[in-house]
């Protein structure tokens, strides 16, 4: 769920508050359209699409609780997760790892969605 996703982000990017990723570019945050502004925004676009695929399986990605571990910045989804838990956990894990590898460009925080994301 979103709370667990926030904690995963803190695991892989402890130096930056999670809310910096909640309003970034065209895809980090609620909804998303247009062309991603950079690599970090593309991480969010992929995450949005991953949640969409989980929904097609009948899952509720924003609410699904799953089991995972964070150890020294490394995330692992539990093998004991059911189909939906595993799908959502993997979406969040891939995104959190992607965030860790993408540069954060301050100018792309809180962009004007109407101007930049058509």
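The backbone N, Cα and C atoms fix where each Cβ goes, and this holds for glycine too.
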Identity of the Ca(2+)-site residue among 38, 39, 48 (reference: 27, 29, 31, source: Swiss-Prot): 48
Packing count at residue 29 (Ca(2+) binding site) (other Cβ atoms within 10 Å of its Cβ): 16
Neighbours of residue 47 (active site) among the recorded positions 11, 26, 31, 59, 70, 84 (Cα to Cα, within 10 Å): none
Candidate recorded positions 11, 48, 89, 98, 117, pick with smallest Cα gap to residue 28 (disulfide bond): 48
